[in-house]
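Peer 1: The feature region 'Disordered' is assigned by TrEMBL to B:1-20. What TrEMBL lists as domain 'Exoribonuclease phosphorolytic' is B:22-152, B:169-234. According to TrEMBL, the phosphate binding site annotation covers B:98, B:136, B:137, B:138.
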């Protein structure tokens, strides 16, 4: 069973010339900054997110004495990453509900591919900071955070702090949506603002779902649309995982 | 195409004796408190949420002058709604990420069935406060909030403030998950704590999806499991919508 | 010496038909929710407060190592417990001065009848959440919290964690005031809003004062009025203590 | 009927040599600082509170357009006003419940003797900052704030902004308590820490009660003790009002 | 090399009659309040700051186990210390950037003359609270805090807790600026508001610089003006150190 | 008069091979991100700060109706810009004193070269976010913010919103310090951590001082050291202004 036909049936081009099932150009730069154990700049078109992985030899209270480690994430957006300047959360004194929702999603997604017992009692914190936003910042963040986490783990292995990698699978994410009635992959800001439905999908390199979050921004969507979007997402994530592998095949950095 | 067989195939009983595709006993009490324009106590088994709808003749800044209204939600949990006492968010001075995520979900779900232009420049706020928690508080909250919102709209119609209802469809929600390898409907706390995958589904009375939020708590899930869970959710939501209709068929209250 | 004549002299009826020295119908429901060690819904007319008692096997820093326990309270009001919706304190990020004043009063009132040494190094937290407000929420909260605390203590006794009850006396509270020149008992919202003087009195079952808080909202009051109000309060609290005893005489619940 | 005998019956001296019904030395210094419309340093023994009255030609939202003014108070304690240093509330980021309770009390007490309509749409803010604490800071604050408010009103009269004074009566406050079984007036820190019952009484110059706040710190108190404390308070407040009058009879300052 | 000529060349008098290189009348009152280990009221003309030194037998986390002590400062301004009332920082829930900047400056200035190892693992906290503001509150605070710290150290010596003083030098501070083209010493509020350049200088009794903070409020300033201001500051600080010595030569207080 | 000899006299090399009066390699990249009116990545060696200038057609309350504009700055540091991860200020809910001090400095420095009347009633906000920290982040921020502000002004001129530039002079900043007894220019992290004295100097392109902030971290410094540091700073700022001019001579970007 495949839902590809529904996608293929659309001959309509997108506002930037992409085919419905086409990702934006993706670029993954490892070793973008020097201090972090993993530091990756990921670009999905004009969306740019700096993902750093920091290793700390301690765990939060709920994991203390468990023998297990922890993987968590924080997300931020520079005030002028967006078209018009948004308030600085540090100045307002609190993180928005959107920020918290996204950082919880990133953290869960990464933990889903980590064997926390194999990590040992240490924490990997993934800081995902958006330098420039053009739609899909949370999916770029997850995809880049995986690469940063991988580099941090490699360093722990190289230093002999870990005997084997606690990473079980790659993990990557992409958005899909229904724009003008057509299911499309990897929405940019213009498409995101105009779409009827927006779905973020997180999958492992083994082809299993970690998160599926679909929201009807306008009209509620039917089962067929849901299937078409899931198929598109699978298609996109396979490519993203291949790009992660290619990036990690380069020399160890940082 | 149906995924029912996968569900029906399971002969295994759940810890409380329910069949995999069986909801907990649902009770909807309208007019539970006297001041609010809509006030509903909804019970999904031992989970009890008080949902009130408050009408205010003003809109938030982003809607001012638009001619459109707004529907929003706030969510809270009494400190001892849970097995062990949790901190009071008002005392800690901030709402947790979980609370914000849930109230944003409730708000989006209700807005999805509202014609905001037909509501006019007024706001309906849905306060969903959990008196007792036993799993599924967010889905109970959405299901109850719809009934409270409906009562508030009826009052506006009765008072001549609205000529026609801005509600386009009922909306209800339910959780589904994979427990011990079996897809089950409407998880209680014990099942939720032990499940591999947890999914919250929000649908309209017309059978369309408003939100699909699936999370692999343990093992990532495959496409077949996803389909089985979606089918269960559809099945459960049809019953919840019928229960909403029955409750609303009673005399107007409050 | 008695001040009853002053009360009895008034033939004037109150807006809801009560005599000046008459309480609203009081209802005490034990075991209202299932998780807390004590859980009581108390109703003073249309005022409804859910009082839960939670036992935790630890004490705040100032009691650590003292061998003594602690009894404390938190108070909250659901946003739509009131005629018009009030802001949610958790969303505003802080508790109002009024909230803090009330929860400090409830805590002091309960501690006044507890032998903290006999309680041992554990804490009983009384959460008093107003589901519906119609005047007198703090006095209902104290009266209900006592019953919840009693149930929690009974459980500790039943579990063998306590050898004898640390409760020395019942404690209950009521409001009194001067409305249209007449001292009246147990003011509802309408009377409270219109009264010249408002006094909250907390007494033990042994007839002693724990707290006396009288405030001239309009005209300052004389010594005779003060005495008349105190007499009314004593009269009302005796009845409340009898109602507490009757409620506790029922089967152990929860 | 008088309760004086009960007081007089005690031959026991207090730790600082005072008789049970004796105030500490009270000193009222007007014009203590130069900028405020009223600025008073009040001393009750070693307790020293700086009370300033600030006039602003605007009112808070709830009074806008009412034609009425507003009188409000804020209370603070310098970190080292106390025996051991306490946290600075501005650094901790919030006022304690105690602080809020006290400033609400001061505000209500002053409003009780103000004709807000005669004040016109302006606000008088009374800042009461404790420079040195030795018990009774809230009662000293109320007593001093009255003098500061009076000076501010005199300035408004002198400037022709008011035709007549909106002050109807003096207002003053004192604490009373039961120490070692004896009712005593104006407790200092040592007595306050050791007393069984503590009561703060606010009265007008006309001899009426504005606030009565009695708290059993240890043993609940009986009706006779309550009467004895009220009589002591009346006695002390008459002296404080005389001292306020004497201070105000001096030359206008500031 | 001296810059005095530039100063002396100005025959112009200041608005309060002072010569350009003249301090305001300085008064230092030790033992101003009774509880603190050091308590000093310092007055620079109408500017009055209460500086208390509190000794606590513990250090902040970053010094724990180092064998070294800590010296820190907090700064506050009473709401009506100023011409018009300013918001109370405790009520607003946070300290302004200005407050934090000043208290960091005071702390650094005092630490510069302390031998933290000789202090031992204890903390001296300098609370500088402005009772009345007329320009130069931060420089008065530093100058007064030194005297308070000295008294606290004397007490530690007297109690045998310290064998020798950890204070290496006196430290004092003064402001200088360019007013109407003329470099002047110790600006009051009127001069501060109107000056083109404002500089705060902190020096030790040995004539070395601890802090130099010059800001062009209007026109940027040249090297000659900078030198002239530094010379004025040196001149003023020598006098302030002499006044500190004179004050400390009086009897030990508090 | 020149202090160059003192600098030149030192033959000692720095840990990274620089001469005492040598800047780190400086790189200025305009148009680094696409949305902001000015967007500059500035690098002082390994220190990298992204400076964006955002134009908004409104002013803060204190400038409303004045006909004048406003220039302000905010500063942030990504959590892993540093050697070890620091807390995210948005997550902690407040900006540190250090952050506030720096952003106030950047704002004042830029305002010093702006003719606010010529800017008109609009605001330029300079967001300076540190992507990688290695000492001198505040001086890099000021130097880069000037270029971003210039680009924003050029856009306003190009759009005809301004007739002439409100910028009067370039402005740049550099740090100087005493390391191992030698005055050096542009300290990196290692030098900053080990230096006795640290001074930040802000100057205009016309060679005047805007800010001089010198702090003795260890030993207080003498007048000669102060002069030597000021001379070094002048020397460095002249080069920075030349680099700003060269960068701005490239094609208009963004």
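A Cβ is built for glycine as well, from the same backbone N, Cα and C atoms used for every other residue.
Let's see these features in context: how buried, what's close, how far.
Peer 2: DSSP assigns residue B:98 (phosphate binding site) to a helical segment in the three-state reduction.
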Peer 1: Cβ within 8 Å of the phosphate site's Cβ centroid: which residues qualify beyond B:98, B:136, B:137, B:138?
Peer 2: B:75, B:102, B:130, B:133, B:135, B:139, B:140, B:141
Peer 1: If you count, for each of the binding-site residues B:98, B:138, the other Cβ atoms lying within 10 Å of its Cβ, which residue has the minimum?
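Peer 2: Across B:98, B:138, these binding-site residues, the one with fewest Cβ atoms within 10 Å is B:98.
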Peer 1: Give the maximum pairwise CA distance in Å, whole number, for the residues B:98, B:136, B:137, B:138 listed as binding phosphate.
Peer 2: 13
Peer 1: Is it possible to list how many residues within the domain 'Exoribonuclease phosphorolytic' (B:169-234) are helical, extended or coil according to DSSP?
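Peer 2: Helix, strand, coil within the domain 'Exoribonuclease phosphorolytic' (B:169-234): 18 helix, 30 strand, 18 coil.
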Peer 1: Indicate whether residue B:136 (phosphate binding site) is helix, strand or coil by DSSP.
Peer 2: coil
Peer 1: Could you give the number of helix, strand and coil residues in the domain 'Exoribonuclease phosphorolytic' (B:22-152) as assigned by DSSP?
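Peer 2: In the domain 'Exoribonuclease phosphorolytic' (B:22-152), the DSSP-based counts are 42 helix, 41 strand, 48 coil.
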Peer 1: Have a look around residue B:137 (phosphate binding site) and count the other CB atoms within 10 A of its CB, chains all included.
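Peer 2: Residue B:137 (phosphate binding site): 25 neighbouring Cβ atoms within 10 Å.
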Peer 1: Near the Cβ of residue B:136 (phosphate binding site), how many other Cβ atoms are there if near means within 10 Å?
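Peer 2: Result for residue B:136 (phosphate binding site): 25 neighbouring Cβ atoms inside 10 Å.
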